[in-house]
Amino acid sequence: MKDRIFKQDIGKQFEFDAQVASVFDDMLERSIPHYKEVLGLIVDFCSYTLESSKSAIPLVYDLGSSTGTTLLALSQALSTHTRFIGIDSSQAMIDKASLKAQAYNANIEFICTDLLEYDFLHSDIVIANYSLQFIRPMQRPALLQKIYNALTEGGILIVSEKMTSHHRILDRQMIERYVRYKQEQGYTKTEISKKREALENVLVPFSLEENIAMLKDIGFSGIEVLFKWVNFGTLIAKK
């Protein structure tokens, strides 16, 4: 279904409700630059990590799993002995993800809960695609520490985020380029403006430097930029 949510006034802050869940796949592909390329990189680096895993049944988490697209791609590419768990705070997203998994006969578990309250199991891989930016900034380090503690030695965290620049002019230019990208995907200026207003104080991005510093402070031994396009980036961090 095509994303037309912001063609009219929604009169509230952005939230991952049933209306958003119904068009979320289209919203992702039209709102996140090079979405499919990043997904392909995630599958590749998860595969590399699991090749050296010593876990009898490796565990992969997707935090903010939305409609399950990432875990579905991983389940089709990785060993059948891998356990997949998706966590999301939106029941509407969980319901849609579960239906997709059933349709593809994929063995994926989905849990509806708050990430900040969840007790992570020992895991080999944790993916957080465009989800940390919706966590209050002061709460992100504690969540990342829980993730780090649950990861096995050699395990990885993959983080994709919208990012800011500390340079005022460059930040404005990057925003302008992203607006142009969304227009190229068929969104109108009005839709773009309304969504930006709805996301105000809901999505709080960090800079690339801030994200890397936060991961270093947690204790990750290696952190690299896996992908970067203007104000979007994907990081991989190894324990």
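Each Cβ is built from the backbone N, Cα and C atoms, and glycine gets one as well.
Worth saying up front: this structure is predicted, and the values here are computed from it rather than measured.
Sequence annotations record features per position, and here Swiss-Prot assigns S-adenosyl-L-methionine binding site to Y35, G64, S65, S66, D114, L115, N129, R196. Taking the Cβ of G64 (S-adenosyl-L-methionine binding site) as centre and 10 Å as the limit, one finds 22 other Cβ atoms among all the protein chains shown.
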Message: Quick check on the binding-site residues Y35, S66, D114, L115, N129: which one has the highest count of other Cβ atoms within 10 Å of its Cβ?
response: S66
Query: If you count other Cβ atoms within 10 Å of each one's Cβ, which of the binding-site residues S65, R196 has the most?
result: S65
Message: For the S-adenosyl-L-methionine binding site, please report the maximum Cα-Cα distance among Y35, G64, S65, S66, D114, L115, N129, R196 in Å.
response: 25
